[in-house]
């Protein structure tokens, strides 16, 4: 209980000790916040009464009041409620942990919850802060709560590759790599995806759905990134202007590519014909492109083509969904009823001819796009463009076996695995 203040002498002045109510540190901790406020307000009123009486020692009274208020506020800050049951978590035995990923927790290390509960129990038992700091090696409770706990890191261990994770959900995602689990399958082409969102985006190729519509025109797109790229065409400001024809561009690389069309520099001449091209990949077309005269003929309309792929694509123009022009009788695609083009080898569909033609190089194993720096070939022009960026950057990581360089250590480690497989 609170100790009684000393009895004042009848003739002496009224001092702070005559009015103050004293509490021990343990009693202050157990006080309700309203009781601490009442004690502090009562002490303050008593001191104000003493000051009004004109007694000596007013500076000492104010100093004592300030110290008393600070002590109560500090104790109020150090008071923490118990946020979990005061029961220690039992250690999981090896029999109970069979088949349970949580049993992979490192043995001999207390969990974070148990450490916090131990701290709260110590506070509730009114252990002085000095003893508490000596026990945990810190000075204040704020340092205890804010200090990182090394035992909480990498406590979930993968049984396949011994890799550690700090959260069980990360371990579950990682284990799909070993099992090869891909549970989202397309019902049209049979392609499998790891995530439902990727399957939903892929399904738009078959359904022709384009949910992202431009607010300034009637164009629509399957992906939001395509819409964002399209919106740049509506921007009026085009800071880069061609000095020859006055055409404006939003990006400097686009202007540089356009200016090649006005000059004879960096042009490539075909060995099969007299045509010139601004880009070298155009020279890598199949030889049948330059053969004089059409080589492939369609069976229904007797129309001739230079490449064998186009007669198969021409089937789309003879179905019932095509519309006939009233002037000259030619058939055209009805884009309102247009169905995506399907690859005859893998049943994948594409919205336009150019994408399907580029895709065909994957099945024919043709690699017409060749890198000028390292002479590596690629099936798609986009793959070549992505590869050429690697030559622009520094590659400080060098393979000691073949001498090939890489821009990151991760790529070097992945490359070294090919040498290990070849030796085995």
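Cβ atoms here come from the backbone N, Cα and C positions, even for glycine.
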Residues flagged as zinc finger in Swiss-Prot, choosing from 212-234, 281-303, 304-326: 212-234
Candidate ranges 184-206, 212-234, 240-262, 369-391 - greatest C-beta contact count to the zinc finger (341-363) (under 8 angstroms): 184-206
Per-residue pLDDT averaged over the zinc finger (184-206), given as an integer: 82
